[in-house]
Amino acid sequence: MESIRLKARAKINLGLDVIGRRENGYHDVRMVMQTVGLYDRIIMTRIPEEEIRIKTNIGFLPVNENNLVYKAIMLMKNKYKLDGGIEVDLNKFIPVAAGMAGGSSDAACALFGMNRLFELNVPMRELMKLGVEIGADVPYCLMRGTALAEGIGEKLTRLPDMPFCHILIAKPPVNVSTKLVYEKLDNTDVKLHPDIDGIIEAIKLKDVALVASRMGNVLESVTIPLYPVIDSIKKDMIEHGAINAMMSGSGPTVFGIFPDEQSMIACQQFLRQKGEARQVYTTETFTP
């Protein structure tokens, strides 16, 4: 195989709780992860030169060893002693630095793509172990679907599929440092923790409204005071028909779960006209 086309899908957190902090600075979490339909397009092609060439539609995105796709390719080349190089055409649609694991999903696709291009037949479980070396979300981005993530996010338990629902995604024009958010969380007196087990139970019942009502993200207690526009977008979504709305990951992206496509599109138009979020996308839950 000389070339492969891949779709790197975004994720949202239906629930995100932080259990504690490790001595190495990492945090133990419990998260309910869900893949959505929004995706980046990736084309990977083998080339004879010993190079990794990345082309992207985002001008400020690094295309060197600071890019997670580059890191994933280099990891596979070194691990399995692969000759030749790779050219990558990365067409991004997932908002950057948005709490939606866009970079991690791109890296997951790069691992998967290298496995296919070089016909390595590396088991998925082994790819997921390699993924942790790139980032905590990469193993989940290989698994996709509905899952409980524990540890630093790498311990995954497959959950029943989240029922189909309409999801509106809105990213305000601010970039959030995940590292900063977690550092500030250590000094924040968090009084309200999301009911992760309750969210899982609602998913098992296939009750979208119940899932939405139980959604919660402990990181909102840090990010929203820093960027109040996040709370404004949440309120706008709920006032315009969302069953509930929440920040994904460390932010700043907000997603809302809607009962129907019509109300979702109406809210999208409102948010675009208001102008607090430049990137507003309609999507849906994705089941692999």
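Glycine is no exception: its Cβ is also placed from the backbone N, Cα and C atoms.
The active site annotation in Swiss-Prot covers LYS11, ASP137. The ATP binding site annotation in Swiss-Prot covers PRO95, VAL96, ALA97, ALA98, GLY99, MET100, ALA101, GLY102, GLY103, SER104, SER105 and is backed by sequence analysis.
What Swiss-Prot annotates, mapped onto the structure for a quick look.
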| residue | record | DSSP class |
| --- | --- | --- |
| LYS11 | active site | strand |
| PRO95 | ATP binding site | coil |
| ALA101 | ATP binding site | coil |
| ASP137 | active site | coil |
In the chain carrying GLY99 (ATP binding site), residues 6 or more apart in sequence that have Cβ under 8 angstroms from it: ASN13, VAL176, THR178, MET247, SER248, GLY249, SER250, GLY251, PRO252, THR253
Tertiary neighbours of GLY103 (ATP binding site) (same chain, Cβ under 8 Å, six or more apart): ASN67, LEU68, VAL96, GLY135
LYS11 (active site) versus recorded positions PRO95, ALA97, ALA101, SER105, ASP137 - nearest by Cα: ALA101
Pairwise Cα distance for ALA97 (ATP binding site)/ASP137 (active site) [Å, integer]: 13
Output field, ATP shell: CB within 8 Å of site CB centroid, site PRO95, VAL96, ALA97, ALA98, GLY99, MET100, ALA101, GLY102, GLY103, SER104, SER105 dropped: ALA10, ILE94, GLY249
Neighbour count (Cβ, 10 Å) for LYS11 (active site): 28
Spatial separation of ASP137 (active site) from PRO95 (ATP binding site) - C-alpha basis, Å: 16
Under 8 Å by Cβ from ASP137 (active site), counting only residues of that chain that are 6 or more apart: LYS11, ALA101, SER104, SER105, GLY153
